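Participant: TrEMBL feature annotations, pasted as is:
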BINDING   His83, His85, Glu89, His132  Zn(2+) binding site
CARBOHYD  Asn121  N-linked glycosylation site
SIGNAL    1-24  signal peptide
Amino acid sequence: MTGPCFIFFFLLLNLLPFFQTLEASHCSIKGLPLVRNIADLPQDNYGRGGLSHITVAGSLLHGLKEVEVWLQTFAPGSRTPIHRHSCEEVFVVLKGSGTLYLASSSNKYPGKPEEHFIFSNSTLHIPVNDVHQVWNTNEHEDLQMLVIISRPPIKVFIYERLVDASHCS
């Protein structure tokens, strides 16, 4: 026969995660509401025509420490600069298509980039410090992606062009 102490302990162990989840669902980050409309968040283009960048959840605006989430939309023909950064990056293509150029960071200078066709519902993973560029090569439709980065805030290193290491002395 089960005693009242055992039943209380059993209920406490099983209901505690429920109460913690319930309590956590009402919290906010730095005073911002937990549920926000993306359309109400600030938008920037960082001086790049055809780009719309929204930090959906970030380190500076929202106090996140391990990840940052962006929504980026590229008009036809627009692109990121050729760059690398000290974090991992995952892209989820929500709509449109384009090209990812990726060059390994294994050399002092990045080599010839590999071309990867990206499309709606595809995902991409960029390793730490690998040089890359995202380009909306679709002439008729915006390219929209959800971008998740690790270890924010990040330092971005921009290249004027990709240089083949075999041509450097």
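Each Cβ is built from the backbone N, Cα and C atoms, and glycine gets one as well.
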Participant: Work through the binding-site residues one by one (His83, His85, His132) and point out the residue whose CB has the fewest other CB atoms within 10 angstroms.
Facilitator: His83
Participant: Write down the Cα-Cα distance for Asn121 (N-linked glycosylation site) and Glu89 (Zn(2+) binding site), rounded and given in Å.
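Facilitator: For Glu89 (Zn(2+) binding site) versus Asn121 (N-linked glycosylation site), the Cα atoms are 16 Å apart.
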Participant: Using a 10 Å radius around each Cβ and counting other Cβ atoms from all shown chains, which of the recorded positions Glu89, Asn121 yields the largest count?
Facilitator: Glu89
Participant: To the nearest whole angstrom, state the Cα distance for the pair His83 (Zn(2+) binding site) and Asn121 (N-linked glycosylation site).
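Facilitator: About 24 Å separates the two Cα atoms.
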Participant: Using the Cβ centroid of His83, His85, Glu89, His132 as the reference point for the Zn(2+) site, which residues of the same chain not in that list have Cβ within 8 Å?
Facilitator: Thr80, Arg84, Cys87, Ile126, Asp130, Val131, Val156
Participant: Cα of His132 (Zn(2+) binding site) to Cα of the residue listed as 'N-linked glycosylation site': how many Å, rounded?
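Facilitator: With the alpha carbons as reference points, the distance is 20 Å.
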Participant: Do me a favour and check the Cα-Cα span between the residue listed as 'N-linked glycosylation site' and His85 (Zn(2+) binding site); whole Å is fine.
Facilitator: 24
